[in-house]
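Engineer: Submitted below is the structure of interest, expressed as structure tokens.
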Amino acid sequence: MLFSGSGSGSGGANKEVSYTTFKTYLDSGYTKSITVNKTDGIAIMKIEGEYIRKVFDEGPEQVGSAPTVSSKYPSTDKIDEYIASLQQSGDIEVKYETSDNTFWNIVVSILPILILVAIWIFFMNRMNGGGSGGGGIFSVGKSKAKLFEKGGGLHVTFKDVAGQEEAKQEVKEIVDFLKNPKKYTELGGKIPKGALLVGPPGTGKTLLAKAVAGEADVPFFSMSGSDFVEMFVGVGASRVRDLFRQAKEKAPCIIFIDEIDAVGRARGRNANFGGNDERENTLNQLLTEMDGFGTNSGVIILAATNRVDILDKALLRAGRFDRQIHVDLPDLQERIAIFNVHLKPIKMGKDIDVDFLARQTPGFSGADIANVCNEAALIAARHNHNAVSKQDFLDAVDRIIGGLEKKSKIMTDEEKHTIALHEAGHASVSWLLRYANPLVKVTIVPRGQALGAAWYLPEERNITTKEQMLDEICATLAGRAAEELFTGHISSGALNDLERVTQRAYGMVAYLGMSESLANVCYYTTQETFTKPYSEKTAELMDNEVKALIKEQYERAKRILKENADKHAELARILEEREVIFTEDVENIFGKRPWKSRAEELKEAEDRANEQLANEMVRQRDEQRKQEDSEKKEKAETSGVSGLSGASEEPAEPAKPAEPEETAEPAETEKPESSDDGENSEDAKKPEKPEDSEPSLFNW
């Protein structure tokens, strides 16, 4: 029960009771008037004065002169029947009233509709993109390209792109064309339609595009090749049209499509798969927009891919992608520049040599070098170092190449001895073969999935001969050959070696034509089909050639190891004791290699080029000096003739033809000649400076 109210005033308290108690009060005659509120479903009775104390246990002074009792009735029909029976038996006044709740009634009635409308709007907004940049059901045909304008969020410039000078020069020219078009149009030049950045993963293609966006003073649209095609038919072509429509409105501008091979694959491949139709429609629309019947003045397209071999030929033709900019793996000097960029935020120790780090990372891309620097910092922090040391960088390189070192992995003495013989076999044969990669480090500590690992310094060649490939195959097979020779059995530890050897041997036979039976024949194809471009008989011939090639090099490795069995045994013993050996240990046992490495040959070639350049500069200086001398002589003769003619006409002034200006001029011009001689000698020496600054193996 709830008792509320105050005894003061003409009103009174109100007491809420159950419907049964309410009926009891009515039957007992406690009231003469009832008010029924059908809106709220409440019945209220006014308690007469003599019954107040029975109901409230208090007098009128406390609960008021007109207290009431209220109750919720179960239904209108029941309360009506009950009140009708009371009216027949007694004198009870009944009043009916309704509450004015029009506003809340309206709210309650339309609230479900409002909720349904809100849910519908929410889902329609989600399907329409919903402010999140997504392509909803009503905006699937809209371009998802991100627009970067001048002063936007990109702060990458060409200074942040280390190395790749040729590629930077190409894209710089495009940016310069957009900034200063008159410089080219006055000479009759036209803006290039597009440029394709081609190169292995991690070499900086996307970074170069970001630098273009940061340097260009024009709008820059960035989009991925996978953003065109989605689940609905026609979406890809519609997005291409919308992208170029926006670009034309912002012209001059640049469109960058990253990983364009996702949409630019050659048409006609795997034609039986239905998904290709939509992708080909998208490609057709892209081809039309790039160089179709209409024109796109001022819209330049940049694209990046590492699979240029699978792109459609129509996409690569002039007029669409006028230029293919190759972004290759960095050479030594470029790796040094990349290290200098990524080492800026790192607290380095005093023993850090950037040139040494660059030589330890041949074949690394820019992304790999960034990973090395980050991994070295993490290793230094793990060991609580105050600065990142040289050893931290070496550990980082080992971690990236070979995997995590597992010193806790327990091996038996027999397993350890077999692994030492295996790795020593690699090291010995690679040291004794002319074209095999020189050793850097060998360990029998397990790393990743390997029980042992060897690091070599591959020479960065532009072309590779058959002899070089055979030497590398022989060195790779030397591990298993050592196991068979010195333990009498072979193990599963050579799995990775056999995979690499087989792959290289098939490449020599099937692709490079380096076999006797299939000489000068290439079966390489970019067509992704299930059929081979050769017959079963040719395939059998390839298999036989590969088997013969591998067998020949395996026997060669065994022969080399037999001839140097003592030295190999000594190297294996040292490796088994120390668990790690370096180049110096191999050199102490086998002596220095009698051949010049490619790096040394390149160094000599560079020295010859520098010498020729110096001689050419001296020759040009001499010719220039002779030309100046002849011009001075002609000038002096001309001034002498004019002086004689002046003397015959005016004999009163014989000294004027020999004025100080005329005689002093040769003297003044002689001083630059002497200084030119000094410059010649200095300039002739300048190209020879790299000999002192680059005493290392690699020098470009």
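Note that the numbers count up from 1, one per residue, in the order the chain is shown.
Including glycine, each Cβ sits where the backbone N, Cα and C put it.
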Engineer: Can you match one of ASP328, ASP331, ASP351, ASP497 to the Zn(2+) site that TrEMBL gives for HIS422, HIS426?
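Structural biologist: Within the candidate list, TrEMBL flags ASP497.
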Engineer: Pick out which of the binding-site residues THR203, THR206 has the most other Cβ atoms within 10 Å of its own Cβ.
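Structural biologist: Checking each of THR203, THR206, the winner is THR203.
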Engineer: Over the span of the compositional bias 'Basic and acidic residues' (618-637), count residues by DSSP class, listing helix, strand and coil in order.
Structural biologist: 20 helix, 0 strand, 0 coil
Engineer: Quick one: pull the CA-CA distance for THR206 (ATP binding site) versus ASP497 (Zn(2+) binding site), whole Å only.
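Structural biologist: Taking the Cα atoms only, THR206 (ATP binding site) lies 34 Å from ASP497 (Zn(2+) binding site).
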Engineer: What whole-number Å value do you get for the CA-CA distance of HIS422 (Zn(2+) binding site) and PRO201 (ATP binding site)?
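Structural biologist: Cα to Cα, HIS422 (Zn(2+) binding site) and PRO201 (ATP binding site) are separated by 33 Å.
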Engineer: A 10 Å Cβ contact count, applied to the binding-site residues PRO201, GLY204: which residue has the minimum?
Structural biologist: PRO201
Engineer: Using the centroid of the Cβ atoms of HIS422, HIS426, ASP497 as reference, list every other same-chain residue with Cβ within 8 Å of it (recorded Zn(2+) site), in sequence order.
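Structural biologist: Filtered neighbour residues, in order: GLU423, GLY425, GLY452, ALA454, THR476, LEU477, ALA478, GLY479, ARG480, ALA482, GLY493, ALA494.
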Engineer: Taking the Cβ of each of the binding-site residues and counting other Cβ atoms inside 10 Å, which one has the highest number: PRO200, GLY202?
Structural biologist: GLY202
